[in-house]
Amino acid sequence: MWLGGPEESQTGGIRVVTELDRGAALPGAQCLGSGEGRGWQVPGGDVSCGTLRMERLLEGGFHACTAAPPCTQGLERTEHEGFGGGNTAWEEEKLSKYQHSETRLLEVLESVCAPSDFACHQLLERSEEHVEQWWFHEQQQHPDFFQWLCVDRLMLCCPPGTYGPDCRSCAGGSRQPCSGNGRCDGDGTRRGTGLCVCSPGYGGPFCADCGDGYYEASRNKSHLVCAECYQACGRCTGPEDSSCLRCKRGWVLHEHRCIDIDECGTEMAHCRANQYCVNTEGSYECRDCSTACIGCMGAGPARCKKCNKGYWRDGAKCLDVDECASAEEPVCTGVQEVCENTEGSYRCICAQGHVRRDGQCVEDKPPDAPEKGFFDDVTDDEVVVLQQMFFGVMICALATLAAKGDMVFTAIFIGAVAAMAGYWLSDRSDRVLDGFMKGR
């Protein structure tokens, strides 16, 4: 950063060159403004006055012009309520009247920013010297805090009804921009075009006319009320369907009335293949034909132009073919497979009592009963279990024996393969334990 001249930044498409020193400027630049808000106009670039540190805050979406109104509200609140934080009497006696005290200033500033609004808090911190100067020295002579700080001092904002670097009047005048029927682009800021963005129902460069689909319900020298026309009217003289001057698209004017056009009966409707047209108020819809149809003239299988595969024509209607009943040879040839008819087709399913596994229909049998573990050589705390493993092999396993109702676990390792089982001990005198778990 070159501290001997202006610093350049880019904010929201506006080129900002701010004076850091009153010395040199860029070649061809023209110095504008004065004081803290002094800026530079660069050839070929737009102008935005204000300190660079303030402009950087604006890049995050926060605008200084929104911070002053809460300050003003805080002034009014503390003035009317006389809220002094419990120390008002002491302040008036020892320091100064609460009206101009630092306590009141802090309480006003507390209401300016939301707790999580970092940009707002940063702006207040940057502007602390200016705020204190106005509070203690300029307040009597310049009671409008917003005007003094944001407009005159920092040159970040404009008075209401004005816009742009020079705070020019918005379209329609600063007292009532856009005739009160819209908003001025950039109103109250050093940005924008000053052009009107009209509210719904209003139009014209100053929002002083009624827009399409609206009529003039009342007007005087300073106020215009526009009301909505009948739904088919593009322009009208009143709310009735007989007051149309021009029709919206999809309607045709006949004796001051707008008549709906049936697009389906003309070449205006464009539907895809296997769709049909349905007329609606001022327009039309394309809906899908029945699955029985290849092309149709309306809804249902009786309006088909041609029957789809899996259907046959019975008079004017396309009916489903029952492939399961009509085929000379079985269509499902797998073991324990049966045919089930569906709309326009069929499918092969497993016969009752069978399920499909690995592409084959097999008997749906309940799972095998739990395996049994036989034990021998019972001592007070150990038991040898004869455990049936894979391929019918019987393997001995030593397990710890517990009290009746407890569990006996076995684990046998053959190389890297582990065979595990768990058994409930039903009785110390029994030789059979009920198995519940086995894994390899």
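Including glycine, each Cβ sits where the backbone N, Cα and C put it.
No curator has checked TrEMBL annotations; they are predicted automatically.
Listed features, source TrEMBL:
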DISULFID  CYS198-CYS207  disulfide bond
DOMAIN    166-208  domain 'EGF-like'
TRANSMEM  408-426  transmembrane segment
Inset, instruction - Name the secondary structure element type, per DSSP in three states, that contains CYS207 (disulfide bond). - result: coil
Legend entry - Most crowded position, judged by CB atoms within 10 A, among CYS198, CYS207 as disulfide-bonded residues: CYS207
Inset, instruction - Give the three-state DSSP assignment (helix, strand or coil) for CYS198 (disulfide bond). - result: strand
